[in-house]
């Protein structure tokens with residue numbers, strides 16, 4: 001299969017170009033090859049990278065895509081004037097207008113990331129990760145009062161990845177609690193969750209899909225059996241309905257989509273990250 | 001403190017606008033209020049959101065920033081023509097040129113995320129999360145042969161958040177292994193790691209910072225004592241040097257920066273995500 005290459009060209013680490021480029025490329029089914037070229041901070045390096053990009057385009061028969069975060073106007077000009085790839089200039093397009101609006105230089109222009117590792121926000125994020133790990137899969141019912149959200153659902157409905165994502169990306173303390181056959185027999189939510197119903201959010205899943213996922217893990221088990229999956233999913237949904245717990249189906253959703261929906265429902269109008 | 005508001009306006013869920021906007025806003029120390037307005041898919045809704053944005057700008061004394069992902073040209077025109085905020089049009093600027101280049105419509109335009117939950121890539125990512133969780137903090141030395149990377153370092157040097165980030169964002173199977181006083185006494189890497197040295201990557205940290213972090217967790221303990229932190233960090237660095245393990249300091253780095261550096265060093269020229 002012929003390749004198509006995307007370059008991330010930066011006079012810094014290229015992390016910004018990459019993060020930005022990925023959020024755009026995620027919109028496409030295409031899976032191009034990624035090449036990062038950091039520290040392009042002189043005319044000489046600019047000409048070298050332009051040569052490389054042009055040669056790649058020629059070899060592949062399609063011009064390369066170039067995400068650029070170049071502060072130095074001279075370097076950018078060389079890339080703009082000589083590069084045969086499609087240059088998408090993040091700086092000129094979005095960062096500069098925002099620098100005007102905020103009346104402050106971006107971290108990139110300052111030449112480094114701000115020292116986020118010392119900020120309160122970062123500290124809270126690390127705490128959220130520790131919290132979510134300690135409260136994965138119902139491991140602990142201590143400190144549920146400080147949870148931002150408690151995910152509930154049958155085993156393998158997507159609770160763990162979603163909790164970790166909420167913690168890592170949004171600094172949300174996300175506990176998660178499996179709903180198991182014993183809960184269904186009692187016909188009640190686990191007792192430790194009862195005081196925190198308003199923080200609970202349910203994940204459900206199509207039984208056929210659940211059966212498939214569980215069979216990868218424990219092939220041929222009762223746990224993975226389709227009839228059992230149907231029973232568990234049905235019981236879990238009835239329980240959530242009875243207890244007024246909002247839920248969504250993870251069957252066709254990515255972790256990002258599940259997390260975004262949960263955030264929206266928990267905190268309308270406001271996304272903290 | 002006067003607020004400044006950023007709107008994410010979309011005729012879809014707004015996830016794209018938000019993800020994109022966040023990657024840009026991360027470049028600024030400014031912390032504006034975030035408001036998401038999804039499903040703006042008619043002239044009537046467009047006028048309503050424009051009115052809201054304009055009122056907000058007036059109230060705050062500063063015009064709002066508007067990240068827009070609007071496929072419908074008529075809706076976009078209303079926003080462009082009547083909105084007093086600073087509109088950053090993601091679609092026209094970046095998505096359309098890439099649609100031309102790739103000769104394919106973006107997922108956004110198709111009106112939904114592709115059903116990523118069924119893709120092999122997504123499956124691998126979930127497997128990576130499960131793997132990284134099972135191999136957190138030296139919990140298991142089984143299956144280290146299939147690890148993509150094994151992070152080593154003293155307790156609280158940042159291994160766990162980095163491993164989870166690598167798994168969640170990049171689908172990397174990342175085990176992590178603490179280096180503990182017993183290892184230093186023996187003067188050797190844990191035996192289970194010996195065959196996998198080339199996959200090991202070290203995290204180190206400034207002893208003063210480590211002392212501070214550990215004191216939050218176990219105040220006044222020997223574990224948190226500055227002399228002990230100095231000893232452990234020094235021993236760990238000597239051990240990594242002796243065994244030829246590349247390492248970096250997490251002291252002033254965010255999880256994203258640590259992860260990006262590791263990926264670059266493990267897979268030069270190629271970033272998989």
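Using N, Cα and C of the backbone, Cβ positions are placed for all residues, glycine too.
Note that the structure is predicted; figures quoted are calculated from it, not measured.
These come from TrEMBL:
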- A:153, A:154, A:155, A:156, A:157, A:158, A:159, A:160: ADP binding site (BINDING)
Near chain B - the binding-site residues A:153, A:155, A:156, A:157, A:159, A:160, filtered by Cβ distance under 8 Å: A:160
Site of maximum Cβ density within 10 Å, from binding-site residues A:155, A:157, A:160: A:157
Chain-internal residues, separated by at least six, CB under 8 A from residue A:158 (ADP binding site): A:203, A:205, A:250, A:253, A:255, A:258
Assigned conformation of residue A:154 (ADP binding site) - DSSP reduced to three states: strand
Residues near residue A:156 (ADP binding site) in space but at least six apart in sequence (CB under 8 A): A:205, A:210, A:213, A:214, A:217
Distant-in-sequence Cβ neighbours of residue A:153 (ADP binding site), under 8 Å, six or more positions away: A:159, A:178, A:179, A:202, A:203, A:204, A:205, A:236, A:247, A:250
Around the Cβ of residue A:154 (ADP binding site), the count of other Cβ atoms that are within 10 Å: 27
Chain-mates of A:153, A:154, A:155, A:156, A:157, A:158, A:159, A:160 with C-beta within 8 Å of site centroid, ADP: A:176, A:178, A:203, A:205, A:250
